[in-house]
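The transmembrane segment annotation in TrEMBL covers A:6-29, A:36-55, A:61-79, A:91-110, A:130-155, A:188-208, A:228-249, A:261-278.
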Amino acid sequence: MIWVDTIIQGILLGGLYALFAAGLSLVFGIMRLVNLAHGDLIILASYLILILVTATGMNPFVAAIVAAPVLFALGWLLQRFVLNRTLGDDILPPLLVTFGLSIVLQNALLEGFSADSQRISLGALETASVSVGSLSFGVIPLLTFASAIGVILGLNQLFYRTGIGRAFRATSDDATTASLMGIRPNRVFATATGIAMIVVTISALYLGTRANFDPSIGPARLIYAFEAVIIGGLGSLWGTLAGGVIIGVAQTLGAAINPEWQILAGHVAFLVVLLVRPRGLFPRGND
Amino acid sequence: MALLETQALTANYGDFQALFGVDITLERGETVAIIGANGAGKTTLMRSLSGVLQNAPEQIQHKGTPVGALPADTIMKRGIAMVPEGRRLFRSLSVEENLVIGGQHKGGADFGDRLDSLIARITGAPDPALLAGGHDGQGYWTLDTIYELFPILRERRHTPGTALSGGQQQMVAIGRALMSNPDVLLCDEISLGLAPVVIKDIYAALPKIKETGASVIVVEQDIGQAMRVADRVYCMMEGRVTLSGRSSEISREAIHEAYFGATA
Ligand SMILES: Nc1ncnc2c1ncn2[C@@H]1O[C@H](COP(=O)(O)OP(=O)(O)OP(=O)(O)O)[C@@H](O)[C@H]1O
Ligand SMILES: [Mg+2]
């Protein structure tokens with residue numbers, strides 16, 4: 001029974017990793033931009049939620065709703081005035097610029113908030129759990145997983161049922177021809193990064209409430225996100241969820257055997273999947 | 001005032017100059033054909049007219065407004081639609097979505113345009129939106145009328161655009177451009193690689209397209225086809241117009257000379 005419990009905890013943890021990965025995957029899918037600052041942007045969003053909570057005493061969920069449009073605007077501006085200039089045939093400039101951005105963000109957060117670890121408090125909800133038979137699930141992990149599913153459903157609806165989603169797909173296929181349809185690719189990219197920042201806000205809410213965070217942990221979250229995206233197969237959001245779950249389960253199983261193996265087990269699972277299916281479990285087209 | 005006009009149009013790819021002072025005009029209601037050998041600069045001319053390539057503003061006039069420097073999306077909103085060389089359907093979109101996206105952003109300045117001109121005013125840059133005026137985007141063409149024009153597309157509307165035959169893909173590309181109800185339709189080699197019977201089907205749509213108020217520029221390699229459909233033809237060679245005139249008035253010999261150069 002303890003194994004069942006461990007696996008379920010791992011699946012729920014996978015929801016968090018899928019959230020980290022969804023924003024990364026969205027941006028990569030539309031403009032082939034690998035945002036190396038993605039993890040740091042999540043930490044930035046966690047601090048923003050934390051500030052709102054401590055300054056006004058508002059509920060963290062409300063704080064996330066307040067933070068979301070701010071981060072949307074930040075993402076829009078970042079894409080519009082910085083990242084769009086780096087896009088082109090050469091993949092190196094966006095990597096260099098987002099790597100630089102990652103360092104800038106880490107140092108700015110360190111300057112602003114010190115290296116002390118922080119946590120967003122949810123009060124009684126933190127320890128709340130629901131029991132099914134002899135199993136008990138934390139409410140927060142359940143909410144995290146449900147949010148991951150909600151985000152993926154929402155993004156899929158956006159992609160396949162709306163005009164802006166159609167413009168996203170068309171621009172991703174062929175930006176020049178999209179411009180002949182009255183679409184300005186740079187605007188589409190800015191909107192996409194804005195939307196990715198809303199997903200970042202949701203990730204940040206759970207990251208900050210489930211565990212301690214400090215300015216330095218962004219890159220590690222980026223790695224989990226990367227692994228989830230690659231396991232899932234580039235471009236498939238449901239695959240990304242599966243990737244997150246695989247890493248989550250590997251980590252909790254590893255930790256159950258030996259607490260020191262938690263992180264390692266996740267990376268090993270990633271390598272194994274990559275060896276067996278180099279293009280990921282659900283390569284593009286199976287979305 | 002011509003509907004669309006180029007004046008001493010030049011265009012470059014980096015250091016390579018592809019057009020050397022091209023003058024063409026398109027009057028309302030006309031069909032004009034551009035002919036010329038491979039590499040003559042026909043596609044470059046179409047890219048300039050559609051805003052994919054940027055030129056000096058004055059070099060292209062649409063309804064008397066200099067539009068040479070405007071980006072493709074603004075040109076399209078002004079009512080100039082293009083069927084690009086090689087069809088270029090969106091592979092992630094179904095046939096129907098390919099059509100829908102052609103009309104999705106038609107007509108007038110949208111929120112993004114207004115935001116852009118605001119940013120331009122703040123940063124002091126020239127207003128990129130120089131606006132999409134003069135085109136209301138209303139008109140005859142809708143999904144239903146496109147499906148009437150090309151009935152086969154209705155049957156295939158849920159398949160991916162790129163899963164169709166070449167001729168069907170060309171129909172989608174034409175339909176996609178028509179969905180914005182353009183007043184100028186630019187067609188770059190719509191018959192390329194298609195069987196004669198399919199070419200006939202596609203050109204059969206032209207009278208209907210004209211009837212709804214669009215004026216048309218077609219790029220054609222097939223001289224006979226060009227002479228049949230166009231009121232006037234321009235022949236290009238090495239980035240210059242070497243011959244122009246009414247289809248009914250120019251001789252085969254003159255075209256041959258303009259097409260292949262005087263030595264031929
Ligand atoms: N992207 C590009 N970069 C550099 N040179 C180009 C580019 N596109 C075209 N050219 C050059 O510009 C000239 C005109 O090309 P263009 O495509 O306009 O010819 P075309 O008349 O459309 O030919 P075709 O009948 O083969 O389509 C050619 O010499 C070509 O090599
Ligand atoms: Mg060409």
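Including glycine, each Cβ sits where the backbone N, Cα and C put it.
From a predicted model like this one, the values you see are computed outputs, not experimental measurements.
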Checklist entry - To the transmembrane segment (A:228-249), which of A:6-29, A:91-110, A:130-155, A:261-278 is linked by the most Cβ pairs under 8 Å? => result A:6-29
Next on the checklist: Would you say the transmembrane segment (A:91-110) and the transmembrane segment (A:36-55) are touching, if the rule is that at least three C-beta pairs must lie under 8 angstroms and be 6 or more residues apart?
Outcome noted: yes
Checklist entry - What stretch, picked from A:6-29, A:61-79, A:188-208, has the most CB pairs under 8 A with the transmembrane segment (A:130-155)? => result A:6-29
Checklist entry - Cβ pairs under 8 Å with the transmembrane segment (A:188-208): which stretch of A:6-29, A:61-79, A:91-110 has the most? => result A:61-79
